[in-house]
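Contents: one structure, followed by commentary.
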Amino acid sequence: MIMIDATHDPALKSWVPGADGHPDFPIQNLPYGIFSLGADGEKRPAVAIGDKLLDLSAISGLLPVELRGSTLNALFALPAERRLALRHKLSELLSNDSHRPALEPHLHERSAVTMHLPAAIGDYTDFYVGIHHANNIGRQFRPDNPLLPNYKYVPIGYHGRASSIRPSGVPLVRPKGQRKPPEADAPVVGPSARLDYELELGVWIGRGNELGEPIPIAEAADHIAGFCLLNDWSARDFQAWEYQPLGPFLAKNFQTTISPWVVTAEALAPFRIAQPARPEGDPKPLPYLWDEDDQAAGALGIELEVQLLTAKMREQGLPPHRLSKGPASNMYWTVAQIVAHHASNGCNLQPGDLLGTGTISAPTDDGCGSLMEITRGGTRPVTLPSGEERSFLQDGDEILLSATARADGHVPIGFGECRAVVLPAR
Ligand SMILES: O=C(O)/C=C/C(=O)CC(=O)CC(=O)O
Ligand SMILES: [Ca+2]
Ligand SMILES: [Mg+2]
């Protein structure tokens, strides 16, 4: 069980200029990532602090954990106590002035470096825990049968594609594929006309489990290294045509964008709120999915937001326009439940595997996590400050996801950027 400790102290200050009061990366956060100086430079581990990062490969002699190489998989695999020891050391190094002369040469402006995927992602699985999303989108794909009867018993997911996951900033090329326009007798192939985003949290798997050995739900939290933002780009026209009976395939595997900084489970310890009660009459989950301590630990106290910036808005100097905002507590299943479920048949999870929670929508109109929901399948376009309308994404549109964890008596911490612009189909 991860505890609140001195590294979360709201009175803790950093000697790094601009870190105190930073909206994402004050000293209470300390997220890890992989960067290089220049796009082709050597990839190295770092910790973000304010607008800067500290090159951890350059100060490895000072750290209790060997941190080298171009991925964080080995760090994720460590027992939680070792990761905690590293967090404590970094908190001390970045708060105590006496370390400034030794460390300052290894700070870099984050705006001047290239960020990479933080881990070699062996496998990526996307869940469907946003019950309001499941209701909204289910109504469009299956008007008579929006929420299927299994939803409240089994955390639904699909196996995604790890090879096409990209860090924030890498543009998305509009996918081509098969769709069957409602009035047509036969499908056509071409660029997606209903390109959408999905607002999700990503969960980084830490320690793995052996093939054949399930993860008991009481131990699931020990297998989570951290979190990121995840945009599960979705071609709704391909999806509607291809998804039955095996689920999403080419509609969702052409690219997935994640934020490059790993906000650790340790950093998020204080940011828990009461787990929303299951609606009256909902079935109690089966024992392998139910843990009183997991329920008592609460839901993630994270506020999520999506913004859109079109090419015309960029030209006009307009700021991004908020499409939605809502809390991560709108998850029907906890993160521990999806981890335990994934391994319940003996499937082995490995350090650096990535799970998506599924689209997190609020029950209100201003909190929907995809355009498909906001525009009711494209029938109610959004009007933007530039005067433009959007039903689905156009070329040149940029989607920006952001998130902030907040709790009374604690310094808020954020996730950094998860953005990508849509380029024309090739
Ligand atoms: O209800 C459906 O058929 C559609 C589901 C999705 O869009 C799949 C998905 O990516 C799950 C999610 O993000 O919640
Ligand atoms: Ca999804
Ligand atoms: Mg995807």
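A Cβ is built for glycine as well, from the same backbone N, Cα and C atoms used for every other residue.
Automatic prediction, not curation, is the source of TrEMBL annotations.
Binding of substrate is annotated in TrEMBL for TYR128, ARG142, GLN239, TYR243; the matching candidate from THR7, THR334, THR359, THR364 at the same site is THR359. The Mg(2+) site in TrEMBL is built from LYS252, THR256 plus one of ASP232, ASP282, namely ASP232.
Within ASP97, ASP123, ASP126, the residue that TrEMBL lists together with GLU198, GLU200, ASP232 for binding Ca(2+) is ASP126. Record note: among 169-189, 379-399, 169-189 is the stretch given as region 'Disordered' by TrEMBL. A strand conformation is recorded for ASP126 (Ca(2+) binding site) in the three-state DSSP classification.
The distance from the Cα of GLU200 (Ca(2+) binding site) to the Cα of THR359 (substrate binding site) comes to 5 Å.
Straight-line distance linking the Cα atoms of GLU198 (Ca(2+) binding site) and THR359 (substrate binding site), rounded to a whole number, equals 6 Å. Among the binding-site residues TYR128, GLN239, TYR243, LYS252, the ones whose Cα sits within 10 Å of the Cα of ASP232 (Ca(2+) binding site) are LYS252, in sequence order. Rounded to a whole value, the Cα-Cα separation of HIS133 (active site, proton acceptor) and ARG142 (substrate binding site) is 13 Å.
When the binding-site residues ARG142, ASP232, TYR243, THR256 are checked against ligand 2, ASP232 have a Cβ within less than 6 Å of one of its atoms. Residues TYR128, ASP232, taken from the binding-site residues TYR128, ARG142, ASP232, are distinguished by a CB atom under 6 angstroms from ligand 1.
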